[in-house]
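K.L.:
Below you will find the structure I want to go over with you.
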Amino acid sequence: MLMLLVRGTHYENLRSKVVLPTPLGGRSTETFVSEFPGPDTGIRWRRSDEALRVNVGGVRRQLSARALARFPGTRLGRLQAAASEEQARRLCDDYDEAAREFYFDRHPGFFLSLLHFYRTGHLHVLDELCVFAFGQEADYWGLGENALAACCRARYLERRLTQPHAWDEDSDTPSSVDPCPDEISDVQRELARYGAARCGRLRRRLWLTMENPGYSLPSKLFSCVSISVVLASIAAMCIHSLPEYQAREAAAAVAAVAAGRSPEGVRDDPVLRRLEYFCIAWFSFEVSSRLLLAPSTRNFFCHPLNLIDIVSVLPFYLTLLAGVALGDQGGKEFGHLGKVVQVFRLMRIFRVLKLARHSTGLRSLGATLKHSYREVGILLLYLAVGVSVFSGVAYTAEKEEDVGFNTIPACWWWGTVSMTTVGYGDVVPVTVAGKLAASGCILGGILVVALPITIIFNKFSHFYRRQKALEAAVRNSNHREFEDLLSSVDGVSEASLETSRETSQEGRSADLESQAPSEPPHPQMY
């Protein structure tokens, strides 16, 4: 039998390790003994009434045996009643024999709540910990849900049930506004594609200039020009609908069709037409530039904002293609072409959505609608049920009167207007039963619409604050540091992360060993 001295993991204590020889080819048996020269001294390792000294994450306290005896099922209660040092070591992370102190590598804030539990018998919820971390700490120390105080039990259970959707409803917490790690990793993965591309650094800089208004001064100027062009295009479309710009539309259109020419060029004002061409040229430049600079073509066509950019210029080119296809046809075909062109012109209204690329509120609204399809579906279902019920009642009460309630489908319009509390007044009931049905329809609409609107508003507030936090982080960051961060995307490897993780753990162990005093101070007694 060989007797060796080994060091502890946290404190500089010595223990004896007995190595028992085994037959050739077998493994040696290592046995740790509590103190040198061995456990067979006939002396109990701790007195039953001795106070328990613990160190939880650097917080040292001393607990009386009487307080721990009240809760023998907890970890500290079982540690106090441990019959041997080996049994006690299984319940803690380390043990200092010189100071007779037990070490636990756990959350020190929860430990303070644990001390309050041993004094009062009630555990209170910590707001600094999420419900899952709080539950893990409580399970580790041997506490159940029954240990929670009555003032915190309902709140804890509610937060535990709603925590998976906390970003929907509990959006006031700072963590709910923080950027999602998955989104950050997706951005880094996209930017890493430029590393192997031709002129990757230049393309990445141009891409960020066009996509991120807060990236640099040129990106801010580009954003201002883009917004100005969008507003000019919308203004031109609105001005074209004024009566003074349509005075000669009918006569000019008839003359153009009779001459076998397209009526579109004649009807448009020359100034507005040139402004439209300029806007189309700018929009085409934006779409083509983003397509050429995009890190992934497939992801480019899947992005909603890029699809909006394509739709904003698509009507113009479809009109040109239709004109070329029917260029050699007669005036009748031009008449049909005019109707198609009017439909394409109507699609120009979608250009206002291009402002979403430069507006935090519009992007937040889009994200809200994307994540609120269940609530929107419930709202539409409630409205459909209410409209169907009250329309049938109104039809039954008003069908004898000639006031517009001739059929149930005709009453659907009245029911929709009434339930949404718009109240155009074009169709109104005149009988007492019809007015009672209208009153119920209005009150039901107020109650039904208000239920899901609150959830949708909370989601919008969350996404708006989150988007503002992202923009503030980019705006307040140094340009050079931001560029260095982007340049180091494809230089981070799993091995380097593992090395840094091991280095931080070694540094933490060294700090803990250096902070462990040879003669620990007298901790507070509980």
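Placed from the backbone N, Cα and C atoms, the Cβ positions cover glycine too.
Here's the feature list from Swiss-Prot:
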type	residues	note
COMPBIAS	499-511	compositional bias 'Basic and acidic residues'
INTRAMEM	409-420	intramembrane segment
INTRAMEM	421-428	intramembrane segment
REGION	491-526	region 'Disordered'
MOTIF	421-426	motif 'Selectivity filter'
TOPO_DOM	1-217	topological domain 'Cytoplasmic'
TOPO_DOM	240-270	topological domain 'Extracellular'
TOPO_DOM	294-304	topological domain 'Cytoplasmic'
TOPO_DOM	323-337	topological domain 'Extracellular'
TOPO_DOM	359-373	topological domain 'Cytoplasmic'
TOPO_DOM	396-408	topological domain 'Extracellular'
TOPO_DOM	429-435	topological domain 'Extracellular'
TOPO_DOM	465-526	topological domain 'Cytoplasmic'
TRANSMEM	218-239	transmembrane segment
TRANSMEM	271-293	transmembrane segment
TRANSMEM	305-322	transmembrane segment
TRANSMEM	338-358	transmembrane segment
TRANSMEM	374-395	transmembrane segment
TRANSMEM	436-464	transmembrane segment
K.L.:
Quick check for me: are there 3+ Cβ pairs below 8 Å between the transmembrane segment (374-395) and the transmembrane segment (436-464), leaving out pairs under 6 residues apart?
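P.N.:
Judged by the Cβ rule, the two regions touch, with the required three close pairs present.
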K.L.:
Using DSSP, how many residues of the topological domain 'Cytoplasmic' (359-373) fall into helix, strand and coil, respectively?
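P.N.:
Result for the topological domain 'Cytoplasmic' (359-373), in helix, strand, coil order: 13 helix, 0 strand, 2 coil.
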K.L.:
Other than its close neighbours in sequence, what residues sit by the transmembrane segment (436-464), given a CB gap under 8 Å and a spacing of at least six beyond its ends?
P.N.:
167-169, 171, 176-177, 360-361, 363-365, 367-368, 371-372, 375-376, 378-379, 382-383, 386, 390, 393-394, 397, 415, 418-421, 423, 428-429
K.L.:
Under an 8 Å Cβ to Cβ limit, what residues of the same chain, 6 or more beyond the ends of the topological domain 'Extracellular' (429-435), are close to it?
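P.N.:
Counting only partners 6 or more residues beyond its ends, the topological domain 'Extracellular' (429-435) has Cβ contacts under 8 Å with 393-394, 396-398, 401, 403, 405.
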K.L.:
For the topological domain 'Cytoplasmic' (359-373), give me same-chain residues lying six or more residues beyond its boundaries with a C-beta closer than 8 angstroms to one of its C-beta atoms, as numbers and ranges.
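P.N.:
Same-chain contacts beyond the ends: 168, 304, 353, 455-456, 459-460, 463-464, 467-468, 471.
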K.L.:
Do you know the DSSP helix, strand and coil residue counts for the topological domain 'Extracellular' (429-435)?
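P.N.:
Per DSSP, the residues of the topological domain 'Extracellular' (429-435) fall into 4 helix, 0 strand, 3 coil.
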